[in-house]
Amino acid sequence: MGVRLAVVGATGMVGRKFLDVLKERNFPIDKLYLFASSKSAGKTINFNGKDYVVEELKEDSFDRGIDIALFSAGASTSLKFAPIAASKGCVVVDNSSAWRMDENVPLVVPEVNPEDIKWHKGIIANPNCSTIQAVVALKPLDDKFKIKRIIYSTYQAVSGAGMGGYEDLVNGIKGEAPKKFPHPIAYNLIPHIDVFLENGYTKEEMKMINETKKIMHRPDLKITATTVRVPVFYGHSESINVEFEKSFDINEVKETLKNSKGIVLMDDVNNNVYPMPILAEGKDEVFVGRIRRDESVENGINMWVVADNIRKGAATNAVQIAELLIKNII
Ligand code: A2P
């Protein structure tokens, strides 16, 4: 028996990737429903050789016995429709920021905290793309050496801002003015992702800080972040500086990462081998390299972490959550 599955935001950057990943992973689907805004109602999208008609998302859309809904249609759509879906017995895996910090909603990366899925009440949140790849690399190191402090500096692809972000780079290269970003992104970078908050940080930076603590069950962690949009289509890169409580051997750090789930160690500087967005694009793993001791502190390292933001940073992580759901529950 398969699952009655809905994709909300099916016409979007992540929505389309949900469908690719579901197909690749042979997710057992009995019935598939595709939802988007009224603008897209009536369009068809092909899945596994069959055309499906996109429907406008409405309050009664979940009245037909849908088991799981993968949402990626923005925070306001999730705020309104995820509780409606949950009230009809559907489990929502939500890619927006709407529910992530709600204490009644688990925030899950399957390699890090799969056990949190068990206490869901109808909504499970998929973390921010930059946070997902970071915690996959940080969790095994925290288990072994106990992290004290993290400094994130990110280099994030335009696809993280959806179709609009992608088009700003394509059109910007042709000399057109930006529509999605506040400045040109072609031949530039913008140290501003999501809105600015009162403390001078962007919301993206605070998402990384708060979500890391929640996923790793480490509310005491000291974390700071600077997030930057760069003219790359797919693949977020992160410089992560980590300080540990315990002393370590740098080879042990590399071995730990090499043997951890979901990670590919790519660290051979003598042969110019290190992760880059063009290597991570289209892949589901998190790539880690440039691992070296931070010589300015007693127990610190620097590492360079890259992943496909639309795959592991969004669609793949959500589908992995759905896979855990059907293994444990349905
Ligand atoms: P639509 O294409 O009809 O606007 P992206 O992040 O790539 O911009 O995609 C956003 C996704 O969210 C699209 O599929 C978009 O549909 C969908 N969406 C936006 N607003 C709504 C809404 N009010 N109800 C349902 N889907 C929405």
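The backbone N, Cα and C atoms fix where each Cβ goes, and this holds for glycine too.
Any TrEMBL annotation is an automated prediction that lacks curation.
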Taking ASN302, ASN309, ASN317 as the options, which does TrEMBL list with THR11, GLY12, MET13, VAL14, LYS39, SER40, SER159, GLY160 at the NADP(+) site? ASN309
Out of MET13, CYS129, which of the recorded positions is least crowded by other Cβ atoms within 10 Å? MET13
Running a distance check here. Ligand 1 versus the recorded positions ARG100, CYS129, GLN156, SER159, ARG229, HIS236: which have CB less than 6 Å from one of its atoms? none
Based on DSSP, tally up the residues of the domain 'Semialdehyde dehydrogenase NAD-binding' (4-120) by helix, strand and coil. 34 helix, 33 strand, 50 coil
Out of the recorded positions listed (MET13, CYS129, HIS236), which are within 10 Å of ARG229 (substrate binding site), Cα to Cα? HIS236
Report the member of LYS39, ARG100, ARG229, HIS236 (the recorded positions) whose C-beta atom has the most other C-beta atoms within 10 angstroms. HIS236
On the 0 to 100 pLDDT scale, where does the domain 'Semialdehyde dehydrogenase NAD-binding' (4-120) sit on average? 98
